Amino acid sequence: MESTTKVKVNGFVESTSSSAAPAIQTKSTTGFDAELQDGLSCKELFQNGEGLTYNDFLILPGYIDFTAEEVDLSSPLTKSLTLRAPLVSSPMDTVTESEMAIAMALCGGIGIIHHNCTPEYQALEVHKVKKYKHGFMRDPSVMSPTNTVGDVLEARRKNGFTGYPVTENGKLGGKLLGMVTSRDIDFRENQPEVLLADIMTTELVTAPNGINLPTANAILEKSKKGKLPIVNQAGELVAMIARTDLKKARSYPNASKDSNKQLLVGAAIGTRSEDKARLALLVANGVDVIILDSSQGNSVYQVEMIKYIKETYPELQVIGGNVVTRAQAKNLIDAGVDGLRVGMGSGSICITQEVMACGCPQATAVYQVSTYARQFGVPVIADGGIQSIGHIVKAIALGASAVMMGSLLAGTSEAPGEYFFSDGVRLKKYRGMGSLEAMERGDAKGAAMSRYYHNEMDKMKVAQGVSGSIVDKGSVLRYLPYLECGLQHSCQDIGANSINKLRDMIYNGQLRFMKRTHSAQLEGNVHGLFSYEKRLF
């Protein structure tokens, strides 16, 4: 009788048989056979307490029985918010303002507006995002019959469009009398005093209150009008739909939207008492999620701010951080956070680990915190150290629900700032929020300083970040689809047909890992060539 022993060597299972007859192997239809497990489980990968980064390991391939296009990238951002793609832009003043946040949301992610600016400026940026893709516009700009052509021209300069409903009292809820459009004021630029009552269009196509969005869109499409007013039985204006929004919905079907079909947007605030006024402005402008922006989030200041937000705005989603240990995470979870931001000193422009001797290698931090937070249903955002699609996949494979990107998005046309040339290369500025340049920004009123527990009166500030430049990457609207496509193909290689399935594979032991030596890392990169061009998309 044949006897077989199984020996695990360097993470591989090797079978030895006392008989020379070849062993008959059966193929698993799922690709998962406990007796043929190679590599290490996630728990085994970190069991020695080593500080690992994303480049220190690989994920072993799995079984493919689906196409890459079938991979579902939906993933929770917080307890109540789900993204169509697990991608978040960092709240940095050289990464995310309204233009970046709009692009992120259109592609299924979300942008977090930075707070290194005045509260009014930040609230306006949030407002721009919420107004970009309206769906049902519940608070459209409205004119009255006594408004003039000059008022419409001024509104066009401010808002960027010319079509406005006209009601009896010039307010939403007033009886709808007509519409004024660009065709009504054409050639009247020199007649700013003309009343809208004399030029507005009164024959309108409307839809009844309570109509669903697909039906309303069908009416709008058939009418060939630019806007569709929604009225109640008394003929009073209650909402609007715009044709431009219908076009946007077709171009970006996976956009991240709220219940009103408006784009999702987040904003960062500090933990100082004056940030409560900033928070009120952001909430008034429709912000969907708040990130408490701190390099070390395990503080009495953040705990108190979390409790204040939950008491004052119980429905508002709050993400706490940054944290890198389970003990840090516990205090914020106990305070009531809806999500956690993980990372300390791992960003490309961050020097916290070097200067403060404090932090944690990012892969280890993501695994430890996400494993703990999972028990309480709190999603984790991996923040820092993301340099490629592979790093995004690895962060999620360690338990993160989403990744936050800074340098990966800096240099795109949607990032704040102007391009400049150096030695013929088109560049854009990128700086850490802990850099002296960011902390000394004139209009910020100390917002970036508060992230590192400095204030404007400090005589000496210790920099925890640097300033640099990034090569032009083009538009985020081209770059994000590349990242998402790569993420789908990577999940296919691993054998996970969704982001949620990938995370499940961590905890049932189906996902297998392999540590990489320095030589293995060199082997896995381009080598042996005299010269090469690395084009990613």
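From the backbone N, Cα and C atoms, a Cβ is placed for every residue, glycine too.
Looking up S28, S273, S469 in Swiss-Prot, the residue bearing an annotation of phosphoserine is S28. According to DSSP, E523 (K(+) binding site) is assigned to a helical segment. Here the C-alpha separation of G406 (IMP binding site) and G345 (NAD(+) binding site) works out to 13 Å. For the NAD(+) site, whose annotated binding residues are D293, S294, S295, G343, M344, G345, the maximal Cα to Cα separation is 14 Å. The most densely surrounded of the binding-site residues G384, G524 is G384 (count of other Cβ atoms within 10 A of its Cβ). It is 16 Å from the Cα atom of Y430 (IMP binding site) to that of G345 (NAD(+) binding site). When pLDDT values are averaged over the domain 'CBS 1' (136-195), the model yields 83. For G343 (NAD(+) binding site) paired with G384 (IMP binding site), the C-alpha to C-alpha distance reads 6 Å.
In the domain 'CBS 2' (200-256), helix, strand and coil residues by DSSP number 20 helix, 15 strand, 22 coil.
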